[in-house]
Structure formats: C-alpha cells, structure tokens
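Accompanying notes for the structure given below.
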Amino acid sequence: MKKHINVNVVVIGGGPAGYSAAFRCSDLGLSALIVEKYGVLGGTCLNVGCIPSKSLLYLTNLIKEIKEFSKYNINIGNSNQLDMSQIMNWKNNIICKLNRGLSDIAKYRKVDILQGTAIFLNQNLLEVTYKDIVYNIHFDNAIIATGSVPVSLPDALSDQDSRIWSSTDALNCTVIPKNLLIIGAGIIGLEMATIYSSLGSQVDIIDSSTRFFPSIDKDISDMFIQYTKNDFSVYLNTSVVNLIPDLNGIILKTQNDSDFLKNKLYDNVLISIGRTANTNGLNLSSIGVELNSLGFIKVNSQMCTNISNIFAVGDVVGVPMLAHKGIHEAHIAAEVISGKNHFFEPKVIPCVAYCDPEIAWTGIMEEHAKLKGINYRSVIMPWKFSGKAISSNCSENGITKLIVDTDNNRIIGGIIVGRHAGELLSEINLSIEMGCDIEDIALTVHSHPSLSESINISAQLFNGTATDIINKI
C-alpha cells in the first residue's frame with residue numbers, strides 16, 4: 001500500500017533537534033511532519049540518554065549523600081537494600097511522562113508524527129516505510145535530525161555477549177555488577193562510573209588517550225581524578241586488544257597490560273568510545289548531500305546543506321554533540337526556511353559532565369588561551385570558603401575558575417566543579433555572550449548564602465576586592 005503526503009517541511013528524526021525544528025516551523029505558519037523510526041519523540045536524549053542518566057545520577061547522588069552523613073553519626077534510612085527493578089520502573093515513568101508531554105505539544109501545534117524508516121528518492125521526495133505501508137512525502141524543505149549512534153570497538157563481542165553493554169544497556173540494568181569495566185573516559189563513561197560506583201560496583205575506566213578530559217584545563221582534570229579516586233579508577237594510555245568471554249565474566253586484554261589490569265575479570269563491560277553520525281540508509285549520496293571526512297553532514301551557519309532546500313541540525317552535523325546546541329540549530333533552520341535571515345553563531349556553547357562532582361565549562365580554557373597568544377589571567381575560588389557549600393556538605397570538592405582577557409578585562413572562559421555546576425555555569429556563559437568584563441560580575445549583587453556567590457567572589461578576587469576570602473590564595 002502506498003500513500004502520498006504533501007508538506008512544507010519534513011523533519012527526519014524526533015529527538016530534541018528534530019521536534020524543536022518541527023514545532024518552530026509550525027509556530028511560523030509552516031506545515032510540518034516528523035518522521036521518527038521509533039514512533040515516539042525525544043530521541044536518544046530523552047529515551048536512552050540524557051534524561052534516564054540524569055534520573056539515575058540524581059538517585060545515586062542521594063544515596064551517596066546519605067552514606068556520607070553516617071560519618072557524622074547521622075543515619076538516614078538504609079540505602080543498602082536497593083531494588084533495581086523498582087529503580088528502573090521509576091526511571092521509565094519519568095521517560096513516559098516526558099514522552100506524553102511532547103506528544104501533547106505536537107498535537108497542539110498540529111505536527112503529525114509518522115513512524116517509519118526514511119530514504120530520500122530525490123531532493124523533494126522522501127519515501128517512508130513502516131511494516132507493509134509505504135508513504136511518499138512530497139516536501140518543499142527537509143530538515144535532517146537523525147542524531148548519532150555509538151561507535152563500536154573493532155571486532156567487538158557486543159553482538160554475541162549480553163554482558164558487553166552499550167550506554168542503553170547500562171541504563172536498563174536490573175542487576176548491579178560487582179565489577180564493571182568502562183572503555184572510554186568521556187562524559188558518558190564518567191557519568192556511568194558515577195552511577196555504578198554509587199550503587200556499589202567496583203569500577204575501572206580505561207582510555208587510549210594520554211590525557212584525561214582534554215576539553216578542560218589540566219589543573220582541573222587532575223583535581224577531579226583526585227576527588228574521585230575512592231569511587232573509581234582511571235587508566236590512561238590503555239588500549240583494548242581483546243575482550244574474552246568466560247563462564248564467570250569478561251576477561252580484559254590490553255595493549256600495555258599493567259599488573260593490575262592483566263587478565264582482570266569483569267561482570268560487565270561498557271563500551272563508551274564516542275558517537276558518529278546516524279546517516280546510514282538515508283541515501284544522501286544519491287541526492288548530492290555532502291558529508292565531511294568524519295561522515296557528518298556539512299552545513300553553513302544557516303544550517304543549510306549544499307542542497308538549498310535540505311537542512312541538517314543536531315548531532316548529525318558534528319561536534320559538540322549536545323542537545324542544547326541542536327535545539328538552537330533547529331530554531332535557526334526553521335526560521336531560515338520561513339524566510340528569516342538568521343544565523344547560528346554563538347560565541348560559546350556550554351558543556352556539562354553530570355558526574356560527582358559535576359564539571360561544567362564554557363569558552364576558552366587557560367591552556368587554549370596560551371596557544372592563541374591571548375594575554376590572560378585566571379582566578380580560582382575554592383568552595384571551602386563558601387558558607388553555602390559548607391552548609392550543603394559540598395565544599396570539599398568544589399571550585400569556580402574564571403579566565404579573563406587582561407587586554408580588555410573581558411571574561412573569556414570559565415570552569416565550575418561541584419554540585420549544580422551545570423546550573424551555575426549559565427551566568428558565565430551569558431557574561432561571555434554579552435561581552436561582560438570582570439567588573440560587571442564583581443559589582444553584581446548575588447544572593448547570600450548561595451553557590452552562585454562563588455562566581456561573584458571569583459570576580460572580586462580578580463579585582464582584589466573580595467572580603468569573604470583572602471585576596472591572594
């Protein structure tokens with residue numbers, strides 16, 4: 001059976017970038033249709049990524065907090081009796097609630113969702129197949145928002161052995177592994193290490209890189225390893241040669257076996273070595289859409305491909321692969337299609353690793369400023385001087401760091417480590433976006449006591465006007 005549909009804009013993919021593009025198109029008076037392989041909105045982020053991981057991180061941070069209070073002889077419940085099936089039910093209910101909310105928003109905006117697999121037939125025709133039904137979608141403009149997929153290890157055993165996990169598997173586990181190996185020390189790997197170490201697993205992370213967390217300054221990444229040394233172990237410059245299935249677990253073989261890792265047995269292994277563009281099956285080459293050398297779709301600052309009526313947004317266009325970046329790209333694509341002359345040109349894009357402690361950063365890091373030849377000065381405010389952090393039991397592993405261009409005293413970068421770092425970072429992000437100088441932050445009254453004060457005090461430290469802390473740390 002074949003059906004024909006005519007639409008102004010077809011959006012392929014129902015993740016944050018995809019549904020945002022369709023909703024914005026609708027708001028601008030364009031008819032929009034979302035083609036989604038799995039039939040529900042939210043994509044990787046909502047269904048098997050950001051949201052379920054944050055739910056589990058919230059719970060495990062709570063468990064860890066309760067355990068920490070025992071050292072003050074304060075006992076709050078028994079966190080040793082965990083029912084993983086109930087935890088997963090709670091997590092899945094959160095996903096379903098958000099799924100329903102997006103579905104309701106789509107109905108309100110009159111954006112239809114068509115389940116199926118899409119393939120371009122030409123630059124104005126998309127074929128969508130679902131079971132025995134084939135739809136021909138005739139469109140004026142298309143927005144590709146198909147996201148990304150996990151990178152697999154060469155010759156990995158994940159297809160043959162269920163004990164070797166993807167991040168999706170790790171978020172749906174019903175038995176806590178005694179020993180867990182995580183291959184890849186990126187954001188996903190660190191978040192999973194935080195979750196499972198808090199649940200009681202002994203966790204090792206290995207990474208082929210010689211530098212831990214190269215996105216941020218080394219003084220901060222070294223500090224993070226020191227903070228988390230009792231939670232999990234990180235082994236750098238270590239490559240996987242083989243994962244050997246055994247009756248009792250998975251045996252790790254590495255290129256440079258240390259005495260500790262040699263032939264070590266793990267209950268489960270999580271492969272978390274990055275993501276790549278999800279473009280297979282779209283038939284992009286036959287319609288002339290250009291990809292870069294890494295397989296991501298090439299776009300300009302209006303999110304348009306080399307084909308004038310085909311746009312792409314989100315992970316499928318490359319790094320940074322972040323939902324909030326994709327949402328803003330989606331708005332630009334929709335607005336350009338509607339006739340607005342808008343561009344995606346943010347000065348900075350914030351990044352957050354929701355581990356424990358959280359790490360959030362934005363702008364130019366100190367090491368990058370050196371390489372760019374920028375005259376700069378950095379300042380660090382340890383949270384051990386924050387009354388709010390001390391009273392909230394999060395002072396020992398918190399810091400706020402600002403990087404300032406000394407030629408004009410403008411803030412060019414910032415890093416926050418500690419509870420709610422991702423929430424606090426927005427002030428630094430806005431400061432950079434609006435071209436604020438350090439004086440603007442130092443003279444802005446912040447509430448007391450609050451964690452956000454750490455940004456204010458950092459600015460005062462730079463100026464030598466701080467009173468809650470000695471000005472030379």
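Placement of Cβ uses the backbone N, Cα and C atoms for every residue, glycine included.
In TrEMBL, the NAD(+) site is described by Gly184, Ala185, Gly186, Ile187, Ile188, Gly189, Leu190, Glu191, and among Gly101, Gly274, Gly281 the residue recorded at this site is Gly274. Annotation in TrEMBL places Cys50 in a disulphide bond whose other cysteine, of Cys25, Cys45, is Cys45. The number of other CB atoms found within 10 A of the CB of Cys50 (disulfide bond), across every protein chain shown, is 19. Here the CA atom of Gly147 (FAD binding site) lies 16 Å from the CA atom of Ile188 (NAD(+) binding site). Between the CA atoms of Gly186 (NAD(+) binding site) and Leu322 (FAD binding site) there is a gap of 13 Å, rounded to the nearest whole number.
Of the residues the record lists as binding NAD(+), namely Gly184, Ala185, Gly186, Ile187, Ile188, Gly189, Leu190, Glu191, Gly274, the two whose Cα atoms sit farthest apart are 14 Å from each other.
DSSP gives Leu190 (NAD(+) binding site) a helix state. Secondary structure of the domain 'Pyridine nucleotide-disulphide oxidoreductase dimerisation' (349-456) per DSSP, as helix, strand and coil residue counts: 38 helix, 31 strand, 39 coil.
For Gly184 (NAD(+) binding site), the count of additional Cβ atoms within 10 Å of its Cβ stands at 24 [all protein chains shown]. In sequence order, the recorded positions near Gly274 (NAD(+) binding site) (Cα within 10 Å of its Cα) amount to none of Cys45, Cys50, Asp315, Leu322, His324.
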